[in-house]
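Novice: Sharing a structure below in structure tokens format, with a few things to ask.
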């Protein structure tokens, strides 16, 4: 089980014998279901790191894989550090005294591999919750008393462990409307089933990626999230520095490479001073907001001819691809005046914050158009994603033009594997589901495979024409 697969479970969970409306909970200090929260403090229990988080490698360092924890958040963050082999963070998390301190330490785990975490996070949630409710006196009965109810952490602040929607909105009766994957709710229901043989079972997690099926119905689409609703910015102190990271492209379709590039850029911008590969004079940022922007239909047709998906089709795919990153990554609003205006919109919404704009480009695009020569300022800078065969050209061009790689205005990331939209279109035409799964988010792949229009557009025609690539065209293919 991966987070994306949970959406399919929630879309028809009522037909599996579970009771709706869902039992809602949120918060850890009060209320009848506060013990469901990962932040709730309770009697300590001995938590054992699951094997999926490389427990053997952890023990090989001389560290114990069993730790006394008094709140589930500590167990989760220990798993995160163990899975990424960040043992200094593991030690710091072991010593953390509060859930908030623990969460902050978990955010600093590095180097980070999102694909690795996606593979194990459901297993982590399953083990943490089961160990908590089976080992802490009194908690088991509290969980079993929920009967056959669907359990949902209802908060718009968390679209991963929660539903991405607040309590009291009526969404507990219709899980298909949830923006989030509700990992915690699933783990609680799974623990309930394991602790009571009479309970209805849930699918167990698999550590292998899912394979999209052409016959499977496409998953429900999430709704757009407005840029003026970013809870992570509301609580920042005045004067906090925020990076706005924009990716402008045709994205026909959006690939894993695009999401990985955005995530790598975000992690570098959030990394502490003196971190490896971080420019020496790059300021520190309290938060990063990512925005995916799409070129219009005329640009897409000039570039790809008949193979171009419409902007509406591309928007649908982007919404699917970024849904598990909604705490920081958004799709440009439909009525947005464009990439250049987005930072100003955010400055107007949060005038007390210092907003700095970074444009994300690929090294091939930067090398082709000599973008290191473009002016940079405090308000607009560049992040270049390394690509084999092009990164060195960019670095040499920067050197010739006197662009200092350490001043934080023109940041170059390490090379990423080249996952192009062109190859994804070829795999779609060939009906190669396995190749699509490697290149695309599973839900993006499933929607493309189920769309006759998308398959038709991937097929070459004699009438197709393709114009030369436009000057200044963006990184994304």
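Every residue gets a Cβ built from N, Cα and C, even glycine.
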Novice: What range among 197-235, 236-274, 275-313 does TrEMBL record as region 'Disordered'?
Specialist: 197-235
Novice: In TrEMBL, one of 424-450, 451-477 is tagged region 'Disordered'. Which stretch would that be?
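Specialist: Going through 424-450, 451-477 one by one, TrEMBL flags 451-477 as region 'Disordered'.
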Novice: Taking the domain 'NADAR' (25-195) alone, what is its mean pLDDT?
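Specialist: On average, pLDDT over the domain 'NADAR' (25-195) sits at 92.
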